[in-house]
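Per TrEMBL, the features are as follows:
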TRANSMEM  6-27  transmembrane segment
TRANSMEM  48-70  transmembrane segment
TRANSMEM  82-102  transmembrane segment
TRANSMEM  109-128  transmembrane segment
TRANSMEM  134-156  transmembrane segment
TRANSMEM  177-203  transmembrane segment
TRANSMEM  223-242  transmembrane segment
TRANSMEM  254-277  transmembrane segment
TRANSMEM  289-309  transmembrane segment
TRANSMEM  316-335  transmembrane segment
TRANSMEM  341-364  transmembrane segment
Amino acid sequence: MVADDYGIFSLIIGTLTGLSTFLAAGASVTTNTVFARNDYSESFKKNAFWMSIYFLAALLCIIVLVAYPWLSNEMPSSVLPFFVITLFIIAFNGVFEGALYGRGAYKKLFISGVIAFLLSLPVIVILIKEFNVLGGVAAILFYRLLLSVLLSIMVCKTESGLFNKLSFKFNHSVVPIFYKMSLPSILAGLLVAPVITVILYIIKYQSNGQVEVGYFNWVYQLYIVAIFIPSSLTGYFISKLVSDGQCSLKKLTLINVLFATFVAILAIVMKPILLGIAGEEFNTHATELFYWMCLAVVLYSLNCAYGSFWPSIDKAWIGLFMNLVWAMILLSIVYTKIDEYGIAVIGIAFCVSYLSIWLIQIVISKRIAKV
């Protein structure tokens with residue numbers, strides 16, 4: 001893709017991430033928590049699993065219907081069907097992943113991810129090369145669909161009883177768990193996930209904005225890769241904290257920071273290569289943003305432990321409040337300072353917002369949870 005095409009693709013991916021993340025996160029936390037507990041019956045776990053699936057399907061239908069006029073105006077008509085299907089698949093994958101995390105099936109999750117990536121990589125390259133923006137969205141759909149099939153197989157092997165009957169009896173005792181876990185997580189994502197989409201549109205309306213969207217999104221995709229380990233550990237830590245309390249908050253934070261610091265240093269060393277892959281102009285125009293986002297990786301890792309900790313003590317609503325604070329700080333800095341500092345201010349805003357909510361969470365955890 002040329003920089004302009006990559007900018008359009010970035011807007012589409014940002015919107016897709018913004019809409020799907022909060023749905024998948026909410027369902028994942030619930031199934032993770034339920035399947036990690038030994039005091040819930042298998043029937044109860046089955047009800048929670050299928051209620052998550054049906055709840056997501058209904059919510060997605062409403063969102064797509066409400067957002068359709070805007071979506072159809074913002075993206076090519078050929079892309080929209082791929083976009084909607086991918087949205088559903090990403091959300092449902094969150095339910096599967098939560099169940100596997102809760103059961104401690106970490107090896108199966110890892111194997112599924114690796115196999116899906118390796119099998120889809122050549123197809124992704126061909127699709128993007130031949131069809132540009134449409135191929136990029138189709139490539140994401142192909143990868144997510146393949147991952148969904150593999151996750152379904154792994155869930156069937158781990159929890160064969162889930163698929164004996166697709167029907168279930170509505171269990172009112174599942175509702176409080178949705179309220180404690182899914183609802184705050186979904187609302188948190190609803191507040192936070194679209195932030196990236198908003199930032200992309202702020203950049204878009206700057207001078208030379210379409211090209212700068214491409215610069216930012218390439219660095220942001222590298223950032224997403226860099227925080228993969230801390231983000232992946234969140235599901236693992238929730239299951240451990242809920243099932244047997246093996247991990248302390250300080251231990252979780254230390255593990256996350258060590259991983260993140262190593263990755264950030266490695267990224268800085270490899271900066272010419274990582275930015276050069278997208279084009280030599282990225283080494284010229286995106287270097288300052290890149291350095292700030294490397295620091296943001298470390299600061300992000302400080303907060304990952306709290307993302308596991310609050311749901312484990314039935315305080316997921318605190319996580320919602322923290323995400324709201326993060327979003328407000330990030331957007332206010334970007335909106336007011338982008339004309340002065342350019343796209344580098346986005347990296348600065350990430351760092352300031354992550355550092356701020358980490359300090360706030362230290363105070364809250366000491367007062368509420370006594371940790």
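Quick reminder: no glycine exception, Cβ is built from N, Cα and C everywhere.
Contact between the transmembrane segment (316-335) and the transmembrane segment (177-203) holds: at least three of their C-beta pairs are under 8 Å, each pair 6 or more apart in sequence. In terms of C-beta pairs under 8 Å, the stretch of 109-128, 134-156, 177-203, 289-309, 341-364 lying closest in packing to the transmembrane segment (82-102) is 134-156. Scored by C-beta pairs under 8 angstroms, the transmembrane segment (177-203) has its highest count with 341-364, from the stretches 109-128, 134-156, 289-309, 341-364. With a threshold of 8 Å between CB atoms, the same-chain residues lying at least 6 positions outside the transmembrane segment (109-128) that come near it are 1, 97, 100-101, 135-136, 138-139, 142-143, 146-147, 150-151, 154. Same-chain residues lying 6+ beyond the ends of the transmembrane segment (134-156) with a Cβ under 8 Å from its Cβ atoms: 1, 9, 12-13, 16, 76, 78-79, 82-83, 85-86, 89-90, 92-93, 96-97, 99-100, 105, 108-109, 111-113, 115-117, 119-120, 123-124, 126-128, 162-163.
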